[in-house]
Each structure stands twice: as C-alpha cells, then as structure tokens.
Amino acid sequence: MEPLLLGRGLIVYLMFLLLKFSKAIEIPSSVQQVPTIIKQSKVQVAFPFDEYFQIECEAKGNPEPTFSWTKDGNPFYFTDHRIIPSNNSGTFRIPNEGHISHFQGKYRCFASNKLGIAMSEEIEFIVPSVPKFPKEKIDPLEVEEGDPIVLPCNPPKGLPPLHIYWMNIELEHIEQDERVYMSQKGDLYFANVEEKDSRNDYCCFAAFPRLRTIVQKMPMKLTVNSSNSIKQRKPKLLLPPTESGSESSITILKGEILLLECFAEGLPTPQVDWNKIGGDLPKGRETKENYGKTLKIENVSYQDKGNYRCTASNFLGTATHDFHVIVEEPPRWTKKPQSAVYSTGSNGILLCEAEGEPQPTIKWRVNGSPVDNHPFAGDVVFPREISFTNLQPNHTAVYQCEASNVHGTILANANIDVVDVRPLIQTKDGENYATVVGYSAFLHCEFFASPEAVVSWQKVEEVKPLEGRRYHIYENGTLQINRTTEEDAGSYSCWVENAIGKTAVTANLDIRNATKLRVSPKNPRIPKLHMLELHCESKCDSHLKHSLKLSWSKDGEAFEINGTEDGRIIIDGANLTISNVTLEDQGIYCCSAHTALDSAADITQVTVLDVPDPPENLHLSERQNRSVRLTWEAGADHNSNISEYIVEFEGNKEEPGRWEELTRVQGKKTTVILPLAPFVRYQFRVIAVNEVGRSQPSQPSDHHETPPAAPDRNPQNIRVQASQPKEMIIKWEPLKSMEQNGPGLEYRVTWKPQGAPVEWEEETVTNHTLRVMTPAVYAPYDVKVQAINQLGSGPDPQSVTLYSGEDYPDTAPVIHGVDVINSTLVKVTWSTVPKDRVHGRLKGYQINWWKTKSLLDGRTHPKEVNILRFSGQRNSGMVPSLDAFSEFHLTVLAYNSKGAGPESEPYIFQTPEGVPEQPTFLKVIKVDKDTATLSWGLPKKLNGNLTGYLLQYQIINDTYEIGELNDINITTPSKPSWHLSNLNATTKYKFYLRACTSQGCGKPITEESSTLGEGSKGIGKISGVNLTQKTHPIEVFEPGAEHIVRLMTKNWGDNDSIFQDVIETRGREYAGLYDDISTQGWFIGLMCAIALLTLLLLTVCFVKRNRGGKYSVKEKEDLHPDPEIQSVKDETFGEYSDSDEKPLKGSLRSLNRDMQPTESADSLVEYGEGDHGLFSEDGSFIGAYAGSKEKGSVESNGSSTATFPLRA
C-alpha cells in the first residue's frame, strides 16, 4: 500500500510540473513587448447602488501602455468632471450623483504602445430607469359563475430578472391550483370562476432584485355572479392565445432553461399533459410544474429541438397546441488564437475558429483596425487563419479575432512579438532544493530566449553534462533527477545558449530521509460495541518534522478533523478512537503522513465481530413417535465462527409461548435428530452461538405432534406437609405437562405403618396432595406414589419413609443452675426433655429472660422478655449482653416443628458490678497560662457504685514526641469538675477521664486544650450586676482598642450568655463628649425607660423557664447542625441542647470574627468562679449528676438584650 501511495503522489506532482512546463511563453517584463489586457469589467455592467460605478481596464506591456476608450463606436474622452480616472490603468469611476443616464452605452478599452494596440471586449453599461406601473383607472370586472377570465398584469420594463406575484391588499398570496394559474408574463388566468373568487383587491406586484425595487399595480375588482345553471364545456386554450393558432415557434439558447406553458379554460377544469412528437422527453432534465401547466427542461442541448405538444382535456373533449423549439447558441471558441514569440526570419500561423448557431462569422483586426489596413508582404489571410513568412520586427503587433452571430460577439487578442535576445534566465541564481531518497528532484532553470536556445546541466565539480536515463531536461529548462540517492546531493549548473549568447545559474540540492509509518495494532478483531484504538507511529527526517501532518481514512475516505457522530469517532493526531464500534466501522484504515517533500502510509484491516444472524429455513423430516429430524441453514457469522447451535422447543401446555432448551449441536452441523416426549405439539427454533454471543432466535418451524403413551416416570420429592397431630398430609411434585405422556393423569398413593405386617392402603387422586389420618403422633410410614393415565401406569414406585403429624412438647426442662461468667455473661444448664415427651422432631431449646430490677438504685424494671434459641439436642447455653449489677429471671423450654412446649420454673440470678461507660462529655471550661479547669458529665451507664474518676493528662505539642502521662485519682464521685495547676504556659495538653467502680475504670473520654502565653492579660471580671441595672462602668486600659463584652446569668448552666458584643473604645479626646451626654436629663430619662422595659422582659423570661417553657431547640439545630454533637445527643442522660454550637438568635456579631460557623465560641463561663448548676431543656434544676451540655447559649421565646456603654 505504501509504494502505491508514494507512486500516486509522485504522479500528481509530475502532472503539476508538466502543466507548469507546458504553459505559454512568458516574455520577461524587461523585454519590449506589445500590450496585453490583463483585466476588464464584465461584458454587461448594470448601474449599481454603491457610491460610484467603475469600468475596469488594466494592461501590461513594455513600454508601459496608454489607454483610450470608445463609446458606441465613437471616441470617449474624460471631459465630464465627474469622471475619476485611475493612475497607470484605463479604469475610471463615475460617482453616483446627478443625471448619469447619458453614460449608458457600449464601451471598449484600447491599450497601446509603440509596438501595438490591444483592445477589450465591448462592455455594456446599463443605467436602468425606475420601473413603474402606469397610473390608470381599472374598471371592475364582472363575470358569471363558471366563466373563464384573465386578469392582466402588464409589468413595466426593467433590469432582469423580474419576479411577479399576485397578492391581496393584506400581502397574502392569491392561491394557485389547477383552476388558477399565473403565466410567465404575469397574467392571472381562471379556467372557471367560483363565487369565492370575488374580491376587490387583486394586486399584481413586480419585483426587480437587481434594482432593489418592488412596484404594485392598481387593485382590480372581480365580481362573480352566482348562476343557477352552470354549463359544462370542453377545453379551450387561453395560453398560448388563440391568435397564435394551433402551433408556435420558440427559440432557446443552448444551456438555458426552456419553459413551455399551456393553460385552458373549461368546466370541469381541464388537465394538461405534455409529450414530444417523434421522441421522448429528456429524462432527468424535465419537470412538470404548476399542476402540469408548465414544462421545464434544464440545460437545453441540440437534442432538445423539435416539436412539443400540450394537451388539455376533460371528459367533454380536448384542445392541443404544438411548440416548435429551435435551439441556437452564441459564439464559442474551438481554437482561440494564441500569442507567440518569433525570431527574425521565422514563419508562423495564427489560428482562430469558433462555433455557434447560426455559424459565427470571423473578422481579423491588427492593433484594433481591420486586417486589410495592415498589409505585410508574404502574409496570407484566410477566414480562420493568418500565415506569416519571413517575420520581421515590424510584424510585432496585437492581432484580434472577433467571432459573432445574432446572439453575441466574442473577441480574443493574440500578441505576435518578433524579438532577438540572448537567453534571460528567470530562475534565481543559487536556489536551494530538497527531495527525499527515492523520489524525483526537479531543479528549475526557467528562461526566455529568441531565437530558441539549448539547455544543459552539469554538477559543479564535474566537467561533463549530465547524461543517462535518470536525467531529463524539459523544454523550459527544468532538470528532473529520478530515483534520487544520497550521492545526488550537491550543487548543479544550468547553461542556456542560443545564437546570440550564453547564460548560466547554479542550484543546490539536499537529499532527505524518507518518512516511515507503522499502524498498530495490525488487523485487530473487535467485538461490536467495544472500543477500537489505533495508533500511528511515524518517523521522518529532522528537517521535515515541522511540516509533518498525519491524517486518517477508512476505505479511501478521509475522516473529518474533529471526529463524527457526536464524538463517537475521535481523532487526536496519531491516535484514532472509535467508541461502540458497529459493523459499519469494519474496513481498511489508513494512516497517511505528509511532509513538505514526501508522503507515506500504512494500513490495518479492522474486523468487527458480532453475534451471528439467526438461522433460516427450518425444516422437519423423518417424523417418528419419539423423534424428528430438524434441518436449518446457517446465517452470517459476522467474522466469528459459529461454535454451536441451541435448539429450543415450545409445546408446554402449562406455559404456552415459553421456549425451553432441548439440545445443543456443534457449529459445523446444521441438522439433528431430536428426542421427543409423547402427547406434545412441538414447535422448534434455533439460536446460533459464536465467541461474541447468541444470535436472535430463528423463525419457528412447523408444528409436530406426538401420540400419547403411558407415563415414563413417577412423581419426585414425596414429603409431608406440616399437619395436625395424628394426621399425615402427603405431597409430591406433580408431573409437568411434558412428562404426563397422555390424557387423564392421576396419582395412585399407597401407604402402611413402617414395619407393621398389614396390607397397603391405597387411594387415587388427581391433584398432588393427599390427607391421611393416623392413630399415632409422629409415627413412621412407608409411602409410594405412582403416575397413571388413560394409556397405562408408570414404572413401579420406590417407597419413602414419612412421619405423621407432630404435637407440642408436653414437658418443660429443669434448670440446674446459672453460672455467672462476668457482669454481662452467664451460662445456663438444664435437663433435656425425654424423646417420647417431645411428640415430634426436636429442633432445640429456647431461653427466655428479663430484667427485674437494678441493684444500683433498687428500682424495679418493667418486664421485657428476651429470647435466645439453641438448635439441636443440648443441655446448656450462654446468655450475653446482660446489664451489670442487676437482677434477672430466666426460663427454658423445648420446641419442635410444631411449636414450643411449656416453660420451666423461673430461675432468679444477679449480675455483679462492672466498669462504667465513659463520661458523656469532657470539656475545658477555664484555662490560664498555668492552670485549667475541666468539667464532665456522668456516664450513661454506671454499671455499679461509682467510686471516683481517674484523670490523666500529658503534653501533646505539634511534634512527634508526647509528654509523660500524669495521673490524678478523684475519689469524690459527685464532683463534676477539677482544677489543674502547675501547667506550662503556651502548651497544648491532652486530657483523659475514666469513671471507676470497685471493678475498675471504664473507657476514657478525651479533650485537648492549650494554656495561655506569658503575656496574656487574662479575663477582666466584673462584679455582679443586678436585674435593675442597665449600665455598668468598665475600666479600660487601652483607649481605642476592641473589647469583648458578654452578659451572663449568675446561676444558669455553664454560665450561658444572653448577650455578647464587640465594642471599640474611643481615644481620650472624645471622653468629654460622652461625659456631657451622660449628665443630660433626656439621656437619663431614656435610660430609665429602657431599663424598665428590660426588667419586664427578663421577668417574663424567668417565669416561663421556671414553668417548663420550651425554647426553640429545633430552630437552632436547623441553623448550624453539628453532626458530632447530634450523634452524642441520644447517648446522654435526658435531653440536652446543642445550641451552644450556634450563635445566639438575635445576637450581634460573633466574639471571634474569624470563627467558622460550626466552631464553638468560648464563653466567659469558662473563666467564671465556682461550680455552676445545670439546667435541662425545660429549664428545671437537675443537679450535679444530671445530663449536661458541652456548651450552650440559652434562647427564650422572647430573648432580651442589654447594652453596655463604655466610658474611656
């Protein structure tokens, strides 16, 4: 594949070079030459709507040409001051101002120098007038219902194209159909009018897009009078009009669109059909439009000329019209005259041929004048050629060939330059070239020489010119070196020589390494809907890396750059990824590399695997009572061999429509003999399997029905259902419909006591259950069940042992003792129940126990029975998870499949003391530079008499080392806090607290805190403020500093604050202002009013709290929930609020401005004096051992606030 692509790229490059090398001779601008027009306006220029219009004419030549114009064949001078000529060209502009209609006409540009004159084609400049409908009074039209009528439009003339519309005054289009039609001229035809056609606002609009103009005809009124007798009539052509006769001629230019239209009046409305007389309408280019009234043929050719017939018909008759179509063509070049360069004394021919219909006439001009005015000795002028002999420099001229017929004129200029000059090499000296090893190199040496010159190439270090099959020199001087090697690198010289002189240039050639590619993985096999990942590894010459571009294609079609199908295909440079591959993604993938000098490619074959197609054409043969042959045809395997076939059947009377697997067949086989059961109406289907998965099932086969037979098997799983004592309910698995083998299925059940010398009892039933009464409880029986149907009995059944129904145990176990293992675990032992008193199959023993009272406080406990079962025959069991230091009652009973027997007499035992649980909380409520005060809550479960606490602490500064653990035994169990002294300043400590009983200490609760620094000023304390006070003076040591003020109740739990604020004191220069205000009478009165109101609110608050009023805990929990506090909430004594984790509702800014919402803010209570009583949620006093909160701020339903003006 790679050589193929390389070769293809080489061919394209060679074709480009050949076109480059075979172009017309380009005379260097330094050589004298006749003028050549290189740019001109279109042959028709319409008046534009821009600020000016421009007619272009540009030419080249040596000497520089001068320009002149003619208008309508007469010289045109730029005398009008509005004309703006361009420098160095013949282009001029006319501003769009004033009256410019006199500029309309046909212009021609002439470019001349001393050697000749070139002329442009005629440029028609059109200044259209603004089209208008004439102002006229249009008489109303009145017709009878069913009559035909034509509404004329007669649009004004204007610059084409013209678009005509019929609308009403509301600019709604008049609906056209088989009855109503607008002709190409714009007239509106009615084949027969109806009453609904009456209206007074039929308006014809003419639109001229190039003029950006739409004009409207005066509205027309049409009245349709209803008629009681509408006469039907045969068709009559209205278009073409009657005066044109039964046939007409139309001339159309080749390549244009032919439109033939036919419209007939009549009632019922005639239908129009088209045909070509003596031929067929051109397929693919003809269409019938406007309900068949218009025949449209696009891109008309000479084959379309001839006679076309339209036929309008209804059931009363027909009307026809023939169109004779003539196809003509404006002139077009078949041999356009070509410019040429000749040397003195040479000969030449100038050819000019054109075709058209009618045949164009040819006229020759020399320098814009008829050729007859410029006779040259030896020249022969024919209608289609001029023959030159012994050319001389004075033959240099511009020859014009003009071809014309009735449809237009075309003009071509051909320069004849007679010059003698030594070679002029156009390629720059010292040009650098590069190619790739194995590719061809092209070294250019473009030149101009007259007379003709000889070109030779040689390597700079060599004397002889290059020769051999690897070298080729083109006519324009380019050297081609085929199949380059590294030895071809170097400098080359190009020599060009003619009769007048010799010239040379040098060129340098570099040889690069070829680009290489490798696509991986090679030929992958990908399951459908998996991901395909291809990688393209490239290697190229270091000089070419900047130009290296990779692209991907599939089966020769390139992928888009950014992928397709909503990102399913992603191309990222060298990587191609396709998600959810489908069978359409299978193919040959090619990675192509292109550099500035070469290209390379590599391919990989991607195979997509899928499940097979379903098998087809299922056929049944060799039909037998117990077998049939099934044959099928394999479907497509989708690139993965079929490993096996699964044959399924449907025929189960119990589950119709359910398919079951019958057998499996190896993938190479497509036929199998299927074993069948009697009395089944079978239908089969086949599923193919390959490594990807299963196919869809095939279409079902024909039905095959087998005859009935006696049962082949007996019921299985014979058992006893739970039943009453002295009763045996025998059950078994009934035979499925596929196992019954025939109609009338029944079951013969026989039984007898096991080992008893009695006859078998027997009963036949149709269902799969039989109830048998027995004289004994839980006695063994031999039981047999046999299947029978109308065709006979099944095989002899095997006997099974079943037991009659159980009864409850009638004796309770006797408890021998309860051994206490520890405070929460005991071992119970009992005597087993005799087998004959179990009355069934013993399943185990059950222990019931319940707590009667706590030994800690002596309170009785409501009976809540706990149950623990032990399976099997045993006489002891362990009872865990008991409460320590408590009294329990315990009973034991036996149970079988029927149920539980009687309980034993209750056994009373007590559990000893255990270790307590951890305290409910531990917090540091006060800290200084060398002391700390800790407070804690009572454990939720004491598990005995509390003897005290073990407090431990150690230094845990932010290092890997920790300090020595210090122990403090607190022997006062009622003490809820402890004051530590002799701590280090600015040090972080970790505290551990355990509650203890006589059995030891429980799990610790921990807390961390840091002491203050040496320079800390601590907390300023204020003496008590009574309820009637509204202000209190505070001495401030630093005027202008911020101070935190918190107001607390004296005896509330944890010294909860009811107000806090951050206040900035002023400097001393403002002290007088506050002194003066405080002595004013109005200020004293205001403060008294505020104090009275505050006292009233606080009194209400305290009364509500003492009466158990609830404050909004839920509201505060919703503001800032704390998951850690929430998890602990249910484990503490009683209820408590975590509102200390949230700011007080209605309070001002936080004490610590940097504190996060979920952090706890320190309260002044941490630094308060003495112990503080605790309140429960309802505000009542609990005492030292009541449930407590870690931190809290009390919120009442109507919270009070207080202000504290400071005086500096």
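We number each residue from 1, going along the chain as drawn.
Using N, Cα and C of the backbone, Cβ positions are placed for all residues, glycine too.
Summarising the annotation, Swiss-Prot assigns disulfide bond to Cys57-Cys109, Cys153-Cys204, Cys262-Cys310, Cys352-Cys401, Cys445-Cys494, Cys536-Cys591. According to Swiss-Prot, the domain 'Ig-like C2-type 3' annotation covers 235-328. Annotated N-linked glycosylation site per Swiss-Prot: Asn299, Asn476, Asn482, Asn562, Asn580, Asn767, Asn822, Asn945, Asn1026, in sequence order. What Swiss-Prot records for 555-558 is motif 'DGEA'. According to Swiss-Prot, the feature motif 'FIG[AQ]Y' maps to 1181-1185.
Across the domain 'Ig-like C2-type 3' (235-328), mean pLDDT in this model comes to 93. Counting in whole angstrom, Asn822 (N-linked glycosylation site) lies 117 from Cys262 (disulfide bond) by their C-alpha atoms. The DSSP breakdown of the domain 'Ig-like C2-type 3' (235-328) into helical (H, G, I), extended (E, B) and coil residues amounts to 6 helix, 56 strand, 32 coil. Of all the disulfide-bonded residues in the record (Cys153, Cys262, Cys445, Cys494, Cys536), the one with the smallest CA separation from Asn767 (N-linked glycosylation site) is Cys536. Nearest by CA distance to Cys153 (disulfide bond), out of the recorded positions Asn482, Cys536, Asn945, is Cys536. Rounded to a whole value, the Cα-Cα separation of Cys591 (disulfide bond) and Cys109 (disulfide bond) is 55 Å.
DSSP gives Cys536 (disulfide bond) a strand state. When the motif 'DGEA' (555-558) is classified with DSSP, helix, strand and coil residues number 0 helix, 2 strand, 2 coil. Nearest in space to Cys536 (disulfide bond), taking C-alpha to C-alpha distance over the disulfide-bonded residues Cys57, Cys204, Cys262, Cys401, is Cys57. Under 8 Å, Cβ to Cβ, and six or more positions away along its own chain, Cys494 (disulfide bond) finds Ile425, Thr427, Leu443, Cys445, Val455, Ser456, Trp457, Gly477, Leu479, Ala504, Val505, Thr506, Ala507.
The number of other Cβ atoms within 10 Å of the Cβ belonging to Cys153 (disulfide bond), over all protein chains shown, comes to 22.
When the alpha carbons of Cys310 (disulfide bond) and Asn299 (N-linked glycosylation site) are compared, the span between them is 21 angstrom.
Cys57 (disulfide bond) sits 32 Å from Asn299 (N-linked glycosylation site), taking the C-alpha atoms as the reference points.
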